[in-house]
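Before any comments, here is the structure.
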Amino acid sequence: MKLIELKNKKILILGFGEEGRDTFLALHKLFPKKVIGIADQKEFSIFNFQFSNTKRHLGKNYLKSLKNYDVIIKSPGIPRTILKPYLKKNIRVTSQTEIFFQNCPGTIIGVTGTKGKGTTSSLIYHILKKAGLKTHLVGNIGKPVFLKLLKAKKDDIFIYELSSHQLQDLKISPRIAVFLNIYPAHLDYYKNFNEYKRAKENIALHQTKNDFFIYNSDQKILCELAKKTKAKKIPIPANYEFLANIRIPLIGKFNLKNVMAAMVVAKLLGIKNKDIIKAIKTFKPLAHRLEFTGKYKGIKFYNDSLATIPQAVEAALEALGRKVKTLILGGEKVKGFDFSSLAKKILRQKIKTLIFLDRNPKNPIDTAKQISQIFEIRSRKIIPRMFFVSSMKEAVKLAFQTAKKEEICLLSPGSPSFNLFKNYKERGDLFKKYVKHFGAKL
């Protein structure tokens, strides 16, 4: 849908978070006299903002307003299924991402993957910026894109971090698509893994023969997707010898794959190897991703709060090695997660202490139950101590009490924890706060 087509349409912005607000501001700039509908389940105080030309549908009956509009611009994460009873035949449901892709005059580099997309997107942005290209980091990790779209030119390059929610309904794919990996995730939202996979696949399914698909050929699912796309296929190189003499400011072998993906993108855009390497050396790692929090009382603390699936915890343990003796796990019950491989990894690395974050410590979460079952199969001599706490403060205090000098304490939850924290950022920030608090006190 072209922006000009919206001029004479009745538009509703469905969901008024950061992306919804950005959409409103851009549309208001394009069509200053137009009355724009806003619908949201929550009655935010931010709706007191100074725009009179809005029609607001707030609270539990917000979906009833859908039938009165021609175009619904839906925020990511709102399931299409809940809209069906309220839609008429000719109502068009779209998204900020789809409209951006259809109207952007510049080059779009889309990056997705269950894990690593934030780091890879940021690294691509950093390399391109250092090379002097007109670059923007947008999407899941950067800023919303609608206001940027109004000023976009042909020489603009947009690195767009794409979640499954943003990809779900896309019928258009980016010029360069990067697919890092895929593991079971968000199964509280999707019916099953296949539905999640189908959403992710849209990053490449609608590419043309002039586009590029950069993918992790270690994963069979992504190799199958490579067969479906019309784009030129480029497997992410698995030979890391080229990186051996480069000081990469990222921990873990899994990050080498992210670096190689970023390098492939940079080379496609004509950046020389020496300039790519120079930029990589100055890249600053993102927070909450194996972030070194500090050394206190001789104990090293790492914040890996973004590890929201078991596979990410395994990768973190692999990266930090056998000095990890205290591991903070836990979150909420998540459909489809399998912790058996992680449990075996914990035993192999001889971790001494497991601290589980749980709102109700007397009734352990699935994470603890699954891991305990694996432990029972193995020799009881190597089973780590297991503690259950209901706050980050308790978890960190316990870590200081149980860990010894030269050991590592790692926060790597292995699941989301909306039952205890607003998001992974709050969880990681609280970890850092209490590490510093008890580090100075104890």
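Each Cβ is built from the backbone N, Cα and C atoms, and glycine gets one as well.
Keep in mind that TrEMBL annotations are predicted by a computer and have not been checked by a curator.
According to TrEMBL, the features are:
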type	residues	note
DOMAIN	111-234	domain 'Mur ligase central'
BINDING	GLY113, THR114, LYS115, GLY116, LYS117, GLY118, THR119	ATP binding site
DOMAIN	288-413	domain 'Mur ligase C-terminal'
_Can you name every residue in this chain, apart from GLY113, THR114, LYS115, GLY116, LYS117, GLY118, THR119, with its Cβ inside 8 Å of the center of the Cβ atoms of the recorded ATP site?_
VAL111, THR112, THR120, LEU180, ASN181, ASN258
*Over the domain 'Mur ligase central' (111-234), what does the predicted model average in pLDDT?*
96
*asked:* Comparing the binding-site residues GLY113, GLY118, which residue's C-beta has the most other C-beta atoms within 10 angstroms in this structure?
replied: GLY113
*asked:* Within its own chain, what residues at least 6 apart in sequence put their Cβ under 8 Å from the Cβ of LYS115 (ATP binding site), listed in sequence order?
replied: LEU180, ASN181, TYR183, PHE254, ILE309, GLN311, ALA312, ALA315
*For the domain 'Mur ligase C-terminal' (288-413), residues assigned helix / strand / coil by DSSP*: 49 helix, 31 strand, 46 coil
*Including all protein chains displayed, how many Cβ atoms other than that of GLY116 (ATP binding site) lie within 10 Å of its Cβ?*
24
*For THR114 (ATP binding site), what is the tally of other C-beta atoms lying within 10 angstroms of its C-beta?*
20
